[in-house]
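K.L.:
Here it is, the structure in full.
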Amino acid sequence: MKRRTLLTAAAASALALGAAFPSFAQDPVKVGFIYVGPRNDGGWSQHHHEAALVMAEHFGDAVELVEQESVPEGPDAERVMTQMALSGADIIFTTSFGYMDQTINVAGKFPDVKFEHATGYKTAPNVGVYSARFYEGRAVEGYLAGHMTKSNKIGYIGSFPIPEVIRGINSSFLHAKKENPDVEMSVVWLNTWFDPAKEADAAQAMIDQGIDVVLQHTDSTAPQITAQKAGNVYTFGQAADMAEFGPMPRISSIIDEWAPYYIERVQAVIDGTWETDNTWDGIGAGMVGIGEVSSAVPAEIKAGAEALTASIASGEYHPFTGPINKQDGSAWLAEGEVADDGTLAGMNFYIEGLTGEIPQ
Amino acid sequence: MDFGGINPVILLASLMVASTPILLAALGEMVVEKSGVLNLGVEGMMIFGAVCGFIAAVETQSPTLGFIAAAAGGALLSMLFGLLTQIFLTTQVPAGLALTLLGTGLASLLGQNYQGMSPPRMPDMNIPLLENIPVIGPVIFQHDAIVYLSLIMVVAIWAVLKFTRVGLILRAVGENHTAAHALGYKVKAVRFAAIGFGGAMAGLGGAYISLVRVPQWTDGITAGIGWIALAIVVFASWRAGRVLIGAYLFGGITVLQLNLQAAGAKVPVELLSMSPFLATILVLVVISARRHGASNAPAMLGRIFHSS
């Protein structure tokens, strides 16, 4: 609350100064960031925050960074965005899927302010979207999970049933199954991005049922700690490397690399060349990083994972390559067919072999 | 002995762990309300206790000192509430809400440098002999000291309130502070003591989350459990035994619904997610409605006492 007041005050005084001395040639470009969790959550929000800092450092005095953390997805987000826009932000990055409609609404009211929404699919003349092809990283995780599980039971802590999460579930299950046909996957939906207590409970519930590889699509490191306590359980870092939990339980990770994109987009604002975009990059373009496969993984499996990573990065292999059936057994992709981005972006179905239903 | 892949023994054991924070906080709040004070700051005291306990445990590498610090932290914060409501005679509801806001903010500030650290492990304290009883042993007698403490507190609080002079005075203050005052009891002192006790219990409950259940420090780690504890006190109609039922029911169904999901039960997730709240409220309302129920509330609950 206080920080926000301070920011507003600072912004107000900056505006006042600007009005008093219109001769200032180059005002710094004001860049806003909105995070769904605390900026030191150890995962998703922290990584956006760190990328924002890299971006700010890159530009030095040419950029002024304003951040707001722990903004709930909902009406509150709209208020925070409006406030940022009113206090003179030139470009605002809204870094969670649930800010999508709010971003579009606020962008409509401030046509001169640029908005960048992470992981969404709605664009406008002043709203661009960007996301990473996390499912490419999930394929590598699935490969490792399929090899490493001894009980043939894999758990996936899901956040919200949105396409991004469903893609991750499908991709990891597909590749685990490819390596180990006996594998089963349980999905637990938490309906939150960040709630360490719930995440720990979910991981514990899975481990209690004999699951020995836990994948997470939530932002805290709580599942890692729970797995560490339990012993023979493997996990993967999510959004951040989470290397401090290696070599066990964390055996690899998906790392989000946002900084280059942030630098590119802010540069475009400075140059006046910013246009709406729909960026969706993966391992190849460097937006998705695969964390070091730890020493707990046997060498030949590690080599296999690295080969898979390389073939995805080069574009030689697409994680969703047919034949793949949908959960109900109907055909989705024929032999050799590759999923198109449109279907992937709106993916709302499980592939064959997954049990359970996607909450609607 | 598995039901659809869920082992009931392991489930019951994790139920005890998941319920302990709520149980501790709710017991503390019950004592506070029995003295006629409504402290809505449980959430704030819990999270403040969680951060104090975490810092102390990390710095000293002793979980025991961590829990002591958590209790002290919670009690300290509650004294602020005591000061506001008992000395400056402010209304209790806003003071309690302010305490939650303050506690959350303070905890966030203090915890800044402790993100991502791991606290020392709280050792399990298996009770000799008893732990070997089949089924009951692993469920009840293979936990850490705080779980036992919470169970002992249920009995202790029930006994103190029912059978002792101290309990009688506390209830008298809560039922009719003017009369208690006329009889020469120090209403404010009694209430201060109750508020401090409630704060310490909430602090312990918070620290149980940050030191045992998760165990880690992150902002907002209590995630609203304090409010659940408050609600359980009311639905349990201010009885220690029912608080136990309520807390275990809530914690139990929280764990059960995750287990059901992991086991692939064909129940809609939305229904499972709300089931802890639904079941806890339903059961406690039914128990309480059977007898005197809501009329069991301390008569002076939330009233300001002024000795004039």
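Numbering starts at 1 and runs along the chain as displayed.
From the backbone N, Cα and C atoms, a Cβ is placed for every residue, glycine too.
What TrEMBL lists as transmembrane segment is B:6-25, B:37-58, B:64-84, B:96-115, B:135-161, B:192-211, B:217-236, B:243-265, B:271-289.
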K.L.:
Do at least three CB pairs under 8 A connect the transmembrane segment (B:217-236) and the transmembrane segment (B:37-58), leaving out pairs fewer than 6 apart in sequence?
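P.N.:
In contact, yes.
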K.L.:
Are the transmembrane segment (B:64-84) and the transmembrane segment (B:271-289) close, by which I mean at least 3 Cβ pairs under 8 Å that are 6+ residues apart in sequence?
P.N.:
no
K.L.:
Considering pairs 6 or more residues apart, do the transmembrane segment (B:217-236) and the transmembrane segment (B:135-161) have at least three CB pairs under 8 Å?
P.N.:
no
K.L.:
Do any residues of this chain, six or more beyond the ends of the transmembrane segment (B:192-211), have a C-beta under 8 angstroms from a C-beta of it, and if so which?
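P.N.:
Residues 20-25, 27-29, 31-32, 34-35, 37, 39, 42, 45-54, 57, 63, 66-67, 69-79, 81-82, 86, 119, 122, 146, 149, 153, 170, 217, 221-222, 225-226, 229.
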K.L.:
Looking only at the recorded stretches B:6-25, B:96-115, B:271-289, which one has the largest tally of CB-CB distances under 8 Å to the transmembrane segment (B:135-161)?
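P.N.:
Between the candidates B:6-25, B:96-115, B:271-289, the best contact partner of the transmembrane segment (B:135-161) is B:6-25.
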